[in-house]
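Undergrad: Before I ask anything, here is the structure I am working with.
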């Protein structure tokens, strides 16, 4: 009796910052593995999300947003991580936002024109477009820019038409053995996911100025005798004023961040979590390429 066929391939999700790439990945997977925020540049590493359904395994790479600004070392490394994802995949999902088209979108498109992989254009946040009459002409404009495999208007947040994207992906997966066991949803370690959860809470609860000058290092990640995890997180900021902002009045802000992060970790790890957070000033970390690599920012480039 012949063996059943299996299909497997890598799909890059690309686009400028803040178009909803991470939300789309989370919706495609049916659960949250990539951090989301209304602020741009929330994704700093390439996150691999794995969706297995029967004989099909889609391995999604959620890239940092590509953007023109490369003054700081962290921006250069993020652009390098995003660009390197484009070259070694079977399929690309190019995410744009509603009827907006910017110089950063154009830059991403130019990179995709040079690539070999077919491109699905995902026009996200169409439910937020105020003038619906503008949508069709804009879709026609987009269609003229490149020979896309398909163009799908969708809402990653509500889930509208995300199943259409998943269906197109399945159709174009090459015949291959699965790279991961069927119960895997990411190749990232629990330690890494813990740092991402803390970073998301920092994004959510702090002002607009801070998040790009903050990163998280997990100094301790151990199982305990209660069957749970003891986790110590170090929050690095660039200035003393930022440290005060993270801690908040009488420690109120860092307490809220810790409580919310612990809840998400317990949901993700399905075990009790004891979380302790500290804040430390490390000036210039976002401009120091060696420091960035020591924090894991160059690992996937």
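The backbone N, Cα and C atoms fix where each Cβ goes, glycine too.
The model shown is predicted, which means the values in this text are computed figures rather than measured ones.
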Undergrad: Taking 41-45, 46-50, 51-55, 56-60 as the choices, which stretch does Swiss-Prot tie to region 'G2'?
TA: 41-45
Undergrad: Looking at 34-37, 62-65, 66-69, which one is region 'G3' according to Swiss-Prot?
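TA: Result: 62-65 is the stretch Swiss-Prot calls region 'G3'.
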Undergrad: From 116-119, 120-123, 124-127, which range did Swiss-Prot mark with region 'G4'?
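TA: Residues 124-127 are the ones Swiss-Prot records as region 'G4'.
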Undergrad: With Swiss-Prot as the source, which of 7-14, 15-22 is set down as region 'G1'?
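TA: Of the candidate stretches, Swiss-Prot labels 15-22 as region 'G1'.
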Undergrad: Can you tell which of 15, 18, 21, 126 has the most other C-beta atoms within 10 Å, given these are the binding-site residues?
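TA: Comparing the binding-site residues 15, 18, 21, 126, the most crowded Cβ belongs to 21.
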Undergrad: Which residues of the same chain, at least 6 past either end of the region 'G4' (124-127), have a Cβ under 8 Å from a Cβ in it?
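TA: Sequence-remote neighbours of the region 'G4' (124-127) are 19-20, 23-24, 95-98, 135, 153-158, 160.
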Undergrad: Could you put numbers on the helix, strand and coil content of the region 'G4' (124-127), residue by residue per DSSP?
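TA: Split into helix, strand and coil, the region 'G4' (124-127) gives 2 helix, 1 strand, 1 coil.
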